[in-house]
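Asker: Got a structure here, written out as structure tokens. Questions coming.
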Amino acid sequence: MPFITYLSGLLTAQMLSDDQLISGVEIHCEEKGRCPSTCHLCRRPGKEQLSPAPVLLEINRVVPLYTLIPDNDTKEAFRGALMSSYWCSGKGDVIEDWCRCDLNAFDENGLPNCSPLPQPVLRLSPSVEPSSTVVSLEWLDVQPAIGTKVSDYILQHKKVDEYTDTDLYTGESLSFADDLLSGLGTSCVAAGRSHGEVPETSLYSVIFKCLEPDGLYKFTLYAVDTRGRHSELSTITLRTACPLVDDSKAEEIADKIYNLYNGYTSGKEQQTAYNTLMEVSASMLFRVQHHYNSHYEKFGDFVWRSEDELGPRKAHLILRRLEKVSSHCSTLLRSAYIQSRTDTMPYLFCRSEEVRPAGMVWYNILKDTKVTCEEKMVSMLRNTYGESKGR
């Protein structure tokens, strides 16, 4: 019997019957396309025309499959199998909101692993734009409704540079529950929540307030369940914004250095120029050089005049500091104008209301921790760069 005829028969039987033969299913038949010519089962004996290809029925109401089974015992067995397959990887039974694993569902460490521990996804908080020293990260809670229970999240962070072996040095590790929510960690890192559309109960956030400007940082996050299992790592790498510079101050220093270099330079004036240039940051020194060359290059550029007035040794000590400025920031520091602004934005700083007992970390469920959050304003200084002065 062609498939379309079979479906039509089901439809007719359901329409003529007073009782619903198939609960929750509405059948609609329509011919769309044909079976491929390579399918020998689709050919009707004695006819060249191929039977229509079956089309996926349109679903207008979603119901669990086991509700379509009339026999209660079969329905319950089917329900248990589906729940086990979805929540316990088919290797255990669902008991209330957890999985009882089968005897063969244990890992090499002897821990039950029938209930998967999902990987958290670390990301930048969209409501907090990173600055030169402040970065906010967030992730959604990965604890499922049934199965494994998340006890903690471990966040590792480190600054990556040419002297650091990224594989050997993992950086500083922070426990979200024990270090951040408890308030026992450093004041430079705090747990909280950023404002957004995601419900607060499912979003965790950490704000770093003391990072180095123009630094490359690697952040790694993984979840820990109540049995001590670790999830897969989630990693992001980012560079903080360029260091802040006071453009007016940089221009004043450039004028001061020109006046010290102009004419006969005494030993006192040489030492004053040297001290002034060594006291400013590398980014400010780069901006001083930019202003000096913009105004006084016709009298000799900054590098040549420094070597001539201060001598090769002192000039080298000053100029080698410019190598600390990254290529990205050096491009921005050549902008015609640099202006400073202060951004303020709300952030919820959170603390736990209870103390987790030492040595019992794995037996606590993070989601059950009572947390109090307080909204505070976070101020962040920024530079804006452009070819013309902004209003």
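Residue numbers in this text run from 1 along the chain shown.
Every residue, even glycine, has its Cβ placed from backbone N, Cα and C.
Bear in mind that TrEMBL entries carry predicted annotations, made automatically and left uncurated.
The following feature annotations were taken from TrEMBL:
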- 118-240: domain 'Astrotactin-1/2 Fn3' (DOMAIN)
- 242-334: domain 'Annexin-like' (DOMAIN)
- 338-384: domain 'Astrotactin-2 C-terminal beta-hairpin' (DOMAIN)
Asker: Could you tell me how many residues in the domain 'Astrotactin-1/2 Fn3' (118-240) are helical, how many are strand and how many are coil under DSSP?
Answerer: 9 helix, 50 strand, 64 coil
Asker: Express the predicted model's confidence over the domain 'Astrotactin-1/2 Fn3' (118-240) as a mean pLDDT, rounded to an integer.
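Answerer: Averaged over the domain 'Astrotactin-1/2 Fn3' (118-240), the predicted model reaches a pLDDT of 84.
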